[in-house]
Amino acid sequence: MAADTAAVRLLAVAVVALFCLGEASVHEYSGLGFLNKGNAFILHAGSEGLYAPVSPANATAEDDNDDSAAVPDAFIRLDKITFKRPEEAVDSVKEASSAKVQILVFEIEDREMIGGSAYGGQKAICCTSDLAKLGACAEGSVIYRPSKLNPGWPQLLVASFDGSDLIATLPSRTIPVRKTGMYNMYFIHCDPSLAGLEIEGKTIWKNPTGYLPGRMAPLKNFFGLMSFAFVILGIYWFYQYMKFWREVLPLQNCITLVITLGMLEMALWYFEYAEFNDTGVRAKAITFWAVTFGTVKRTVARLIILIVSMGYGVVRPTLGGLTSKVVMLGGTFFVATEILELVENLGTVNDLSGKARLFLVYPVAILDASFIVWIFISLAKTLSQLQARRLMAKLDIYRKFTIALGITVLVSIAWIGYEIYFKSTDVFNERWQYAWIIPAFWHALSFSLLCVISYLWAPSQSSMRFTNDASEKFDREDSLSLIRPRPIVSKNGWSVASTPDAKATKDMNTVTTSFDEDDEENKRE
């Protein structure tokens, strides 16, 4: 009980914290600090995949202050960004006007154009005195070289502090995107006296089709397709359900719940992505419910597969003492998965995932592995029982179910291997245009398994033959053969058996009693 309470509190804290984070393609900056990297102080402002516009004529705007300029189809807009330095920084700098913050925007292919070294040593982000003497850069500025592949990039913007001013403002600026790529933005300053620098403002990143980040954009159409697929499956299932409603089993009611949750989940994800694409801000309420419905669906689906593997409703009427263990595993999986999904979907959406979230994946992976091991152990026992009892109709269904489940597990393991390879060999997210396939595959795989289960256990005229009526009698006979009832001793010393062989037991006890009496008489003689 204490563990469950702690888990619920952790989930509540995660929800509250995530609802306070930044929002999607509208990246807001408030209360963020700069990190010291070498001789520079850096703040990562965003990273997203952006597609080039179809028409180059729509990618010509350079400044949104120019009303005559056309708004580009794909752009990065810096909106009302201000930097505030502490008063101590003004007192410690002789030439206060030299203090500045630089904003560096570059495409990932141009990463080698950033930084440099005077004599082939360690790369520096900020220009050193040695490099300045060589005429390679201006001391105190960010080092970069023009890209040969992408003319005009990287782009460097500067916000300077005038005199003893505490605030430096960067005028609103729109940077058009003409080339498809993974774009990164960093706020950088090279002045140690600017320690404690505060930033306020936001940046807006837009693709030609909307505000969805490039990595997520294809998922909008995918969720629309999956919604349609769930509707088709739902029509088939509910038609069978209504046609044979008198023959419906409890297990089939659980499958109905999973299909309904799947339709709701896919529809919510589609509308959430559509709203995100139109506004650039995630509808957090829709996101929360999409995550929750999806987590409930995955939990219930795993529990259904587990209890089916145990033979519930087919070879055993109840789960007995295993019920509490099954519920505990399902509840733990729900909490762990809900927290992971909320962190992944309600946080700031960059196309560069943070390593800090990695530890949330391990509990979910361990619980998934526990489900798989328990399921296959239970399946082996159930298949053995059906084989021994010669229940061929049930055995045929369970064999098909085992094959489908085995194929699913093997494909999952292979895909996990590919996912690890994909992420480990794409450190800089250069293959971001194909990253959407990884989450989409898991949705498609789980839907395929649900289709197989819906086909095998669809309501029909013969549904009742898969119940446990015949096997209950078999279980009872097995139990009687394994249990030896203890005789009940009556007042007159006779043993009364509680089995159908009570008469035989009584006769045997009578014989034994007569022998004892004869022995006693022989002793007296």
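Positions of Cβ are set from backbone N, Cα and C atoms, glycine also.
Unlike curated entries, TrEMBL annotations are predicted automatically.
Copied from TrEMBL, the annotated features are:
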- 1-24: signal peptide (SIGNAL)
- 218-463: domain 'GOST seven transmembrane' (DOMAIN)
- 222-239: transmembrane segment (TRANSMEM)
- 251-271: transmembrane segment (TRANSMEM)
- 322-340: transmembrane segment (TRANSMEM)
- 360-380: transmembrane segment (TRANSMEM)
- 401-422: transmembrane segment (TRANSMEM)
- 434-458: transmembrane segment (TRANSMEM)
- 493-525: region 'Disordered' (REGION)
- 515-525: compositional bias 'Acidic residues' (COMPBIAS)
Six or more residues out from either end of the transmembrane segment (222-239), which same-chain residues have a Cβ under 8 Å from its Cβ atoms?
-> 255-256, 259-260, 262-263, 266-267, 269-270, 273, 436, 440, 443-444, 447, 450-451, 454, 458
Maximum Cβ pairs under 8 Å to the transmembrane segment (322-340) - stretch from the list 251-271, 360-380, 401-422, 434-458 | 360-380
With the cut-off at Cβ under 8 Å and a gap of six or more residues from its ends, the chain residues touching the transmembrane segment (401-422) are 305, 308, 372, 375-376, 379, 383, 431, 435, 438, 441-442, 445, 448-449, 452-453, 456
Apart from its near flanks, which chain residues at least 6 from the ends of the transmembrane segment (434-458) lie with a Cβ under 8 angstroms of it?
-> 215-219, 222, 226, 229-230, 233, 236-237, 240, 249, 251-252, 255, 258-259, 262, 266, 298, 301, 304-305, 308, 351, 397, 400-401, 404-405, 408, 411-412, 415, 419, 422, 466
Could you pull out which residues elsewhere in the chain have a CB under 8 Å from any CB of the transmembrane segment (360-380), counting only those six or more residues past its ends?
-> 302, 305-306, 309-311, 329, 332-333, 336-337, 339-340, 343, 398, 401-402, 405, 409
